[in-house]
Amino acid sequence: MERALGVGIGPLAAGTVGLLILLKVIQRLRRRPNIQDKVVVITGASSGLGKECARVFHAAGARLILCGRDQRRLQEVVEELGNKTYGKTKTYTPCTVTFDLSNTSVVCSAAAEILKRHGHVDVLINIAGVSYRGNILDTHVSVQREVMETNYFGPVALTQAILPSMVDRGSGHIVVISSVQGKISIPYRSAYAASKHAMQAYYDCLRAEVDSLGLHVSVLSPGYVRTNMSINAVTGDGSKYGVMDRTTATGADPVDVAKDILKAVCQKKKDVVMAGLGPTTAIYLRTLWPALYFRVMASRARKQTGKEE
């Protein structure tokens, strides 16, 4: 009896192990980035995280349409990418469309120009944005509007201009690079946090509304990333902040974040927080123990004077 049982268990165990190995292989194949030949639009592509995403998506074989305000800098990115090869991966020379995302009156014409390039868009990645540093008491409402125009109304206008073509094809992927501050708010970031919260809400609604149409929506929320975001941030009077925050200087490498974005896009992730333990804990704390979270933020505000600690 025992011998017969042993004989039966052996093949069963081997079969189980084989099945597990097969499942692992299938999972790896599914996780492998596959953006080859897809038409990918990237806003804010002339610098920072947008530029790194341009490099990463180009290396993966995407047909890029790079967008930004500065044609010269966009062309520099195109020339840089045009001189690179990536083994057997077929790559394409990116094209560019120059416009100011904060000027929503030109976004529709820019979207039409984008669609002319390849006839359609597979993936729209909204990265362009502006940060803010300031005390609410000293911040003019015009500055609040400026941040909202760039970070919220601009991406929304571009999304709504591109969206009908995706609906007609029954295929498309809208991606927005939000922030941990779209989940929680910290002192002296009011305009920025408000714009990112608005973005989170809008694209959550959009995801539900287009789900039955074959479209995908991803909200990706990094923590601090080592770019010039804080240097270029606006202050309460509209002037540039001009300082590299300590938290920004020690933030994540934009190359690594860009690779994570590629992976999330290929896997069609719906909502991803790309941050360390501290910010992630704060997000959960805000939901599960708000009273403590509010005390922590009040304490942080008292230790600051409108500038990064």
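Glycine is no exception: its Cβ is also placed from the backbone N, Cα and C atoms.
Residues or ranges marked as active site, proton acceptor by Swiss-Prot on the basis of sequence analysis: TYR192. Per Swiss-Prot, the feature NAD(+) binding site maps to SER47, LEU49, TYR192, LYS196, THR227; the stated evidence is similarity to another entry. Positions annotated as substrate binding site by Swiss-Prot, on the basis of similarity to another entry: SER179. Among the features that Swiss-Prot reports, topological domain 'Cytoplasmic' is placed at 1-5, with the record citing sequence analysis. The feature topological domain 'Lumenal' is assigned by Swiss-Prot to 27-271, with sequence analysis given as support. Summarising the annotation, Swiss-Prot assigns transmembrane segment to 6-26.
Across the structure, THR227 (NAD(+) binding site) and the residue listed as 'substrate binding site' are spaced 14 Å apart at their Cα atoms. Residues SER47, LEU49, TYR192, LYS196, THR227 are recorded as binding NAD(+); their most distant pair of Cα atoms lies 20 Å apart. Summarising the environment of SER47 (NAD(+) binding site), the number of other Cβ atoms within 10 Å of its Cβ, over all protein chains shown, is 20.
The DSSP secondary structure for the residue listed as 'active site, proton acceptor' is helix. Sequence-distant neighbours of LYS196 (NAD(+) binding site): residues of the same chain at least 6 apart with a C-beta under 8 Å from its C-beta are ASN151, SER178, SER179, GLN181, GLY182, SER221.
Each residue contributes its Cα atom, and for the residue listed as 'active site, proton acceptor' and LEU49 (NAD(+) binding site) these two points are 17 Å apart. The average pLDDT computed for the topological domain 'Cytoplasmic' (1-5) is 51.
The Cβ of LEU49 (NAD(+) binding site) lies under 8 Å from the Cβ of ILE127, ILE177, PRO222, VAL225, THR227, PRO254, VAL257, ALA258, each of which sits 6+ residues away along the same chain. Listed binding-site residues: SER179, THR227. The one with the lowest count of other Cβ atoms within 10 Å of its Cβ is THR227.
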